[in-house]
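These come from Swiss-Prot:
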{"type": "DOMAIN", "residues": "43-218", "note": "domain 'BPL/LPL catalytic'"}
{"type": "BINDING", "residues": "Arg82, Gly83, Gly84, Gln85, Val86, Thr87, Tyr88, His89, Ser149, Leu150, Gly151, Gly162, Leu163, Ala164", "note": "substrate binding site"}
{"type": "SITE", "residues": "Lys146", "note": "site 'Lowers pKa of active site Cys'"}
{"type": "ACT_SITE", "residues": "Cys180", "note": "active site, acyl-thioester intermediate"}
Amino acid sequence: MSQLFYKGEALLLPQTLHIRHLGQQDYQTVWHAMQAYTDNRGADSQDELWIVEHTPVFTQGQAGKSEHILNPGDIPVIQVDRGGQVTYHGPGQLVAYPLIDIKRAKLGVRQLVNHIEQSIIDMLSPYDIKAYAKTDAPGVYVDERKIASLGLRIRKGCSFHGLALNVDMDLAPFRRINPCGYAGLEMVQSKALNGPQSVVEAGDKLIDTFTKTLGYQEVIHHQGLAE
């Protein structure tokens, strides 16, 4: 985080968050891209938020146990390097990957998780959806049903992986797993709660609350991954 000095006092430069709109992508392409971005970051690298929908896939986090994958069928299962256990991604789900230099921002991992959860809660609140987080089970819930999942990885003081918000999707594949390691955990989506009706709508709302919660002063939008 760079500073200017004015009359001997340190002034914080406005922070910029770069938003990458990736459309629908297969999981591994985006996973490898965010690994590469994190590995190649320098002290002056910009923070980014990647917005994407994935083709159907189960991802198994580092804490995952095989017994929580009940019947994957024709949906691929990928072992990944994020925290947490197994979850499902598919069309109609908003996935957002915050690539944040948390060391530079002086953010702890728990603080970042809290900020992400609060961003989701705040975006749902105007729709009169009473969402909340749990201290013992990361994510966001509505009436004990899970609407958003979280799983992060920190490398070189920078975050990657992120959140998945159910918007307007087929929830049936969640029944092929124990979501996040919890047998019988019921999932819910925003469309059924009269919340955001599309991934585009949900993405726009999340970008707004995320930037406000994290304190970014400027947002720059990009289409697709960087060349």
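Quick reminder: no glycine exception, Cβ is built from N, Cα and C everywhere.
The model shown is predicted, which means the values in this text are computed figures rather than measured ones.
The substrate-binding residues named in the record, Arg82, Gly83, Gly84, Gln85, Val86, Thr87, Tyr88, His89, Ser149, Leu150, Gly151, Gly162, Leu163, Ala164, extend over a maximum Cα to Cα distance of 16 Å. Residues near Lys146 (site 'Lowers pKa of active site Cys') in space but far in sequence (CB under 8 A, at least 6 apart, same chain), listed by position: Gly139, Val140, Asn166, Pro179, Cys180, Leu185, Glu186, Met187, Val188. Following the DSSP three-state reduction, the secondary structure of Cys180 (active site, acyl-thioester intermediate) is helix. Within its own chain, Ser149 (substrate binding site) has Gly84, Thr87, Pro138, Gly139, Leu163, Ala164, Pro179, Cys180 as residues 6 or more apart in sequence whose C-beta sits under 8 angstroms from its own. Note: Val86 (substrate binding site) has non-local neighbours Phe58, Thr59, Gln60, Gly61, Gly64, His68, Ile69, Val77, Ile177, Asn178, Pro179, Cys180, Gly181, i.e. same-chain residues 6+ apart with C-beta under 8 A of its own C-beta.
When secondary structure is read from DSSP and collapsed to three states, Arg82 (substrate binding site) falls in the coil class.
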